[in-house]
Amino acid sequence: MLAKTVLSLGLWLQFAAGQNTPKRGPQPSLSDSEGDLLFLLDSSGSVSYYEFSRVKEFIWDLMRPFTFGPNDVQTSIIHISTTPTMEFPFDRYLSSGTVQQAIRDTQQLMGDTNTGKALSYAKEKFFSDEAGARPGVPKVLVWVTDGFSTDDISEPMQLLKDMGVTVFIVSTGRGNYLELSAAASQPPEKHLHFVDVDDLSIITKELRDAILDVIQANRFHAVDITSSSFRLIWPKLLSQETGYYTLEYAPIDDPGRKKTKQVSGAHTNLMLSSLAPETTYQVALIPESNMHYIPPQTTRVTTLAEEISPALVLISESKPHSFHVSWAPTPDSVIGYQILYGPLPGDSVKLLEVDGKRNSTAVENLAPNTTYLVTVTAIYKSGKEKSLSAKACTQEGSKVRHLRFEPIGPNTLKASWNSADGKVLGYRVRCRRQTGPSSLISVSPQIHSVLLTDLVSGTTNKVCVKPMYKNQPGKGLCRMVHMQPATEAQGYKHRQRA
């Protein structure tokens, strides 16, 4: 702990002095970029002072090569805490020196990790004149997280992406991969990083290059690329009043399949969907201006390979008559899922069908203590099918009911019970004596009582009856039974000597 504190102090002093670490050489200036870059910084109490300092150093190292200004890159920081706070507006610091000083002066707020609230706040600030944001420039969100949030992030994050914001996530903790990969822009291999807080420098160049792909000035390019879609982004060339855009796109090996879309001059992005996987598209952006000629821009975009679904099938919430089935991933190219299930061994199979947007379902009306084979099949838009199977076991049926005792003699009891549900193979009766050895008796399923002997008078003993099934034992029922002293036992009175 002391070593980490000393290291933190050394890093902080070096950062405060505006010095580079020995391993970092001079960075070339990047002056051909334009965009609003927002850092969502975990400032809550779940982050240590050491981690917070390392993240601040990482943010500055990431931004050092950029040129800041009203026609270049603008940046801001929003704190994740109990209440989100903007450290400074986008247009306040427009030089490398002032940005560095602003980061150095940023203080941790502590409080709760309300990330969802901070994302909703970021959505307002990203498009606010008051916050210094600019219309028509690329918007980039970099969320640095320890993987923990006290509120939901899915809805506000999706709203940000729907508004054209490109989302990068850096997780320095044990974040949930499925949740974070869904939150980041697509594909996650480019927009999601898992790295220890001490190794953030490893991803600096890769992340910076990815951000550059988004904010490179005057570039017509694609983001959020999947196997069946991508989003086109371009700089603001027109307005609602000065014209509109025509977009033409077709596979480069089949130009006869060209399609055309038109959007108003107010647009700076458009999502293209229902595309073929692993296909390179030639895309042209044609500004139709009523003021002056603006040359078309072109780009080529290759869709990703079709995701294999399901790649994972999980069984959970197992009960005597039901269990829950979930799977991942759920790509857009899947229109539906079929769930086949039946007991093992056996040839009885039932079918459930669910929508392609769902990733789970409940399977009900099952037999207890039974092993089922469950097969999830993805039905693709292309007509292909992919399947993955898993075994599931329902829990035991109802436990033994109405365990009761009847004294037979001074040291003997008759234990009786009602039968358990399901195909019981037998019962096991265990008696843990207060005095003397424990005993275990196994009986056939037709027998519902046993005699327990050698029970010492005046002792308290524990008797448990458990049904046995083919796949697993059932739930037992236990009772404590007290043996009355011989002078009090029913039908047995102490004789007085004559």
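Each Cβ is built from the backbone N, Cα and C atoms, and glycine gets one as well.
TrEMBL: automatically predicted annotations, no manual curation.
What TrEMBL says about this one:
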- 36-215: domain 'VWFA' (DOMAIN)
- 216-307: domain 'Fibronectin type-III' (DOMAIN)
- 309-397: domain 'Fibronectin type-III' (DOMAIN)
- 399-489: domain 'Fibronectin type-III' (DOMAIN)
- 1-18: signal peptide (SIGNAL)
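Secondary structure of the domain 'Fibronectin type-III' (309-397) per DSSP (helix as H, G, I; strand as E, B; remaining residues coil): 0 helix, 54 strand, 35 coil. As a summary of secondary structure, the domain 'Fibronectin type-III' (399-489) carries 0 helix, 48 strand, 43 coil according to DSSP. Mapped onto DSSP classes, the domain 'Fibronectin type-III' (216-307) shows 3 helix, 43 strand, 46 coil.
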